[in-house]
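Visitor: Quick paste of what TrEMBL says about this protein:
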- 54-73: transmembrane segment (TRANSMEM)
- 103-121: transmembrane segment (TRANSMEM)
- 127-157: transmembrane segment (TRANSMEM)
- 178-203: transmembrane segment (TRANSMEM)
- 209-228: transmembrane segment (TRANSMEM)
- 290-308: transmembrane segment (TRANSMEM)
- 329-354: transmembrane segment (TRANSMEM)
- 386-412: transmembrane segment (TRANSMEM)
- 433-453: transmembrane segment (TRANSMEM)
- 465-484: transmembrane segment (TRANSMEM)
- 491-508: transmembrane segment (TRANSMEM)
- 559-581: transmembrane segment (TRANSMEM)
Amino acid sequence: MATMAESTTPEGISFGSTFYEGNSDLSTTESTSRPGPSVEDISRSLQRFNWPDYVVFVLMLFSCMVIGVFFGVKDHQKHKRQKNARRGSEALDYLVGGRKMQIIPVAVSLVASWISGISLLGTSTEIYVYGVQYCYIICAVVLMGLCMNFIFLPVFHDLQITSAYEYLQMRFDKRMRLVGSILFTLASILWLPIVIYVPALAFNQVSGVNIHVITPIVCLVCIFYTSLGGLKAVVWTDVIQTAIMVGAMIIVIIKGTSDVGGLSVVIERNSAGGRFEPPDFNFDPTARNTFWTLLIGGTFFWTSTNAINQNMMQRYLSLPSLASARKALVLFLVGTTTLLGMCCYNGLLIFAMYHDCDPLTTGLAKAKDQLVPLLVMEVLGDYPGLAGLFVAGIFSAALSSLSTALNSLSAIVLEDFCKPFVSRPLTETQTRYIMRFTVLAFGALAVVMVVIVEKMGAVLQLSMSLGPVTLGPLFGLFVMGFFFPRINGSCAIVGTATGLALMAYIVIRSQISIALKEIVFAEKPVTVEGCLYDFTPKNGTLFEAVSTPGEKSLHHVSFLYYTMIGSVVPTVVAYLCSFVLPRSKTDDIDPMLLAPFLRRFVRSPNTKANHMTEVLHEFETKDIQL
């Protein structure tokens, strides 16, 4: 029997002697008649997660807790000795490591924070299902690095802020700082449950343990070491977790390639399966992945998630100088592109392993994002501890992203939601409790929201679809601030509100259309012709796309363009408003708040320095040289 997994191809698909028409109905209740074991037997046989694997997994969690305890005790003793320490030193150490972090650990932490379980599993799944077109997003990564190096890092490091959204108060007013912080918080709430769900899905595939059992346990560990050790614990656990993650991936790639017959076999099978393809230069914005959507849309997405994302910027700001931050950026780009390449190769390896028996069609993998753990158990299941090492690597990637986000949220809550609204400065004890309660509260909320994410499909597209609802308009705020001096706070509010409404419509409407099969993405062909076990095929009906080119509307646009739309539209609206709404003398812009290449064109007002000094934290108030 042969089928395709939810294909949009209207023509007939032929594998072996079996042929299906695009609109024909394929029964999903009739089991295939093949000799040998059932798919349930195969699935149970692959769940060989034994005590050595559990030991490796628990040791990884335990090492994270030890690091958290170490830095928590170390900082506590430091503050106890420094009885005359400046107010806010607790927050300075907890949130930015005293601005004395080292380049290599921070660079590794940046890689670990970005390459979450979403990337490890989602990217490989993307290649298996849709081919190598997504690999060309590497071009967007390079452009993002240039934007970071020459535009965003110089401004943020010159200002020496802790919350990236303090910039919005300096550039606009207090309203926009609050708006930016709220948008980031909402984006994190949408993203965190996806980060937790992905490794739980992998753990379920290899061990059979329910995802709603493992997620609370792992989150408690993360909450513990993040709340206790702060940024230093987060960074150093990231170093250990990255080593585990990379080591496990290398083992799977080498052993898996050997098992299928070598690199030449991987290339041959993927070529025959249509996975290799040159860049698609189609200008259609509704096409899922083309070179232009990846280059343009990918650049906006990557830049927004690195340049103005508190999760990432907080690490750059923990370094002592701009030169150090730029070195960390270079190492981050090298590490990220290397890991992305490894994830893409993993997708090719999965297809080479299952080229004649698609595990999604047979039900051997219950979800698309269980393909990688399925490969791991196929390759490493007979070697005690190695499967546990890989699952520990996936959880390490998730823990690093989770701990980063929780630490960043504690910075946002303290700096943007608490300090501006209290009449007296917070005591060290109050600061400590606010930061740690924030970590606990958002960690618990993420666990609860896993139930919702579980119903929403492939994680890579999901994470790049939901985030831009708030991330796009938020990035738009910084684009207005960095590049358009005539836009003031009132104009920015109008533009941001427009962007939020538009993105909410596009994303919600597109998700509904995907659920109703009005939007269906063409997938690469698969076959079950070589399966040696009995199975009941999952939904084997070949879907023909309902929408035609004449019926496409705004919500059909590729999800990779979401961030671009969400940032460009608010900027355009705000710029047009600047010609309508009145301006005042307070709208004069300090050149330090603009992109470096624009500063020479703006005259510095004499009164701005005092305003900027007031915005900085009590624990590091300083005069800014203009």
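Each residue, glycine too, has its Cβ placed from N, Cα and C.
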Visitor: Give me the stretch from 127-157, 290-308, 433-453, 465-484 with the greatest number of Cβ pairs under 8 Å to the transmembrane segment (209-228).
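Guide: Stretch with the highest Cβ contact count: 433-453.
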Visitor: Restricting to CB pairs under 8 Å, which listed stretch, 54-73, 465-484, 491-508, is in contact most with the transmembrane segment (127-157)?
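Guide: Going through each listed stretch, the top one turns out to be 465-484.
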Visitor: Mind pulling out the one from 290-308, 329-354, 386-412, 433-453 with the most Cβ pairs under 8 angstroms to the transmembrane segment (465-484)?
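Guide: The stretch with the most contacts is 290-308.
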Visitor: Quick test of the contact rule: Cβ under 8 Å, at least six residues beyond the ends. What residues does that give for the transmembrane segment (433-453)?
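Guide: Sequence-remote neighbours of the transmembrane segment (433-453) are 91, 94-95, 188-189, 192-197, 200, 211-212, 215-216, 219-220, 222-223, 226-228, 230, 402, 405-407, 409-411, 413-414, 418, 426, 462.
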Visitor: Counting CB pairs under 8 Å, which listed stretch among 103-121, 329-354, 386-412, 491-508, 559-581 touches the transmembrane segment (290-308) the most?
Guide: 559-581
Visitor: For the transmembrane segment (329-354) and the transmembrane segment (54-73), does the number of C-beta pairs under 8 Å, pairs 6 or more apart in sequence, reach 3 or more?
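Guide: They are not in contact.
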